[in-house]
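Enquirer: My questions will all concern the structure given below.
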Amino acid sequence: MAAQCVTKVELTIACTNLLDKDVGSKSDPLCVLLQNTSGQQWYEVDRTERVKNSLNPKFAKKFLIDYYFELVQKLKFGIYDIDNKTFDLSDDDFLGEFECTLGQIVSSRTLTKPLVLKNGRPAGRGSITITAEEVKDNRVVVLEVEARKLDNKDFFGKSDPYLEFHKQTGDGNWVMVHRTEVIKNNLNPVWRPFKISLNSLCYSDMDKSIKVECYDYDSDGSHDLIGSFHTTMSKLKEASRSSPVEFECINEKKRQKKKNYKNSGIVSVKHCEIIVECTFLDYIMGGCQLNFTVGIDFTGSNGDPRSPDSLHYLSPNGVNEYLTAIWSVGMVIQDYDTDKMFPAFGFGAQIPPSFQVSHEFPLNFNPSNPFCNGIQGIVEAYRACLPQVKLYGPTNFSPIINHVARFAAAATQQQTASQYFVLLIITDGVITDLDQTRTAIVNASKLPMSIIIVGVGGADFDAMEFLDGDNGVLRSSSGEPAVRDIVQFVPFRKFQNCPQEALAQCVLAEVPQQVVNYFSTYKLQPPKNPA
């Protein structure tokens, strides 16, 4: 049975007294959230923004987590001082971490604990405060804001303005809920449109006070207040492009000093719209099917299947890394597919009867009906196919990606969030048609599909890491960028000594967000409204 998702929980993170790792200025921290599978394997769920020059950061970005009452959900919060542009954290200074369960956080509501180093010793006087809120509302506010005639705070050039939005808690404190980007050297800035949940902005209360502050950004962390104002969602909602809602930005200190003080500029809200955003479960409960396809690498580099050192060798109990990966991922995903009929393909082998090389052949050798009945059906088709094919090459991924993409493209005709495709490719690594594969992935990024690549064996998987867009945007050979990151790569060996479900939890971690991103980008609703 699938674990029942009880509710969504939003976690807000703040730290105090962090270690200072920067010479001449203060640390530039960010917080990364890791979740533990049932083994010892941690995987990254999300990370906050980086706050410059601060040992007491309050992070604006919230972590959104599904809270499962019946699971022990282990979490680890890692704080890093970021001094470069790379996504990888191993080259950044580690400022401390804290490990707990989600249950501990929600039962305390606010948890403040000391940060520790990797050896378990205290990270100086550093501490972390985690505040949990249940999210009961999936309405989201879309805002477009600009300003004009802001005060100039800089001797050289003009102010570098940004806005901060704050909401008031029950005990009267103000909590920052959103920070815009900084617009350099401009007293009439136009900020990028942004989205924020209605609950984050004002506890979904249309008349609750919202405080907006406008600051001049300084790289040393000493940002100057230009001015501020208060408003409510009821007021913001009146904004339209033809008649924006405008506010005078007031700087109290300046107002008291200057006799004829008017304001420190005008902030203009030209668009404010409330939309409802569907969650992954809204799509699933609303009738969206996840279609699961498997592609298996039958190239010569795997080794002769009859030899015990081959990756395709079936051990006496009938398993190998390929089958373990199919079971692990398939067992989770099959719950989301009603007919449980899964197409399964091989590539890179010479196949009977003529022993031509094929880069896309059905494991059951039936092109008109490549479907296997359940995960067990895929396993049986694989075992039956193995002695009949000759392992060959090269290792071409693009034919099978393009094959699934044709079905995903056909599904887009339905104009609803009815189908999403997940392709699992299991490979021993060295990819031959890298350029064609990059182009295939970039094209697929516009379609309702995700690609999971599991690398078996001990090969060099650098090319696979490159296809997984975590380190930056993947581009096709002609330079076209992927519109979203749809590839998740995991080396199987990392999970060798973990429970079976650990691999699936890691490779499937990004799929729900990929599903939501695709359907919300194209404004597709679930086929039926969940009750």
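Here the Cβ of each residue, glycine as well, is placed from N, Cα and C on the backbone.
Pasting the relevant annotations from TrEMBL:
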DOMAIN    1-115  domain 'C2'
DOMAIN    124-247  domain 'C2'
Enquirer: Could you tell me how many residues in the domain 'C2' (124-247) are helical, how many are strand and how many are coil under DSSP?
Expert: 9 helix, 59 strand, 56 coil
Enquirer: Kindly report the helix/strand/coil residue split of the domain 'C2' (1-115) according to DSSP, in that order.
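Expert: Final tally across the stretch: 7 helix, 53 strand, 55 coil.
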Enquirer: Limited to the domain 'C2' (1-115), I'd like the whole-number average of pLDDT.
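Expert: Overall, the domain 'C2' (1-115) comes to a mean pLDDT of 86.
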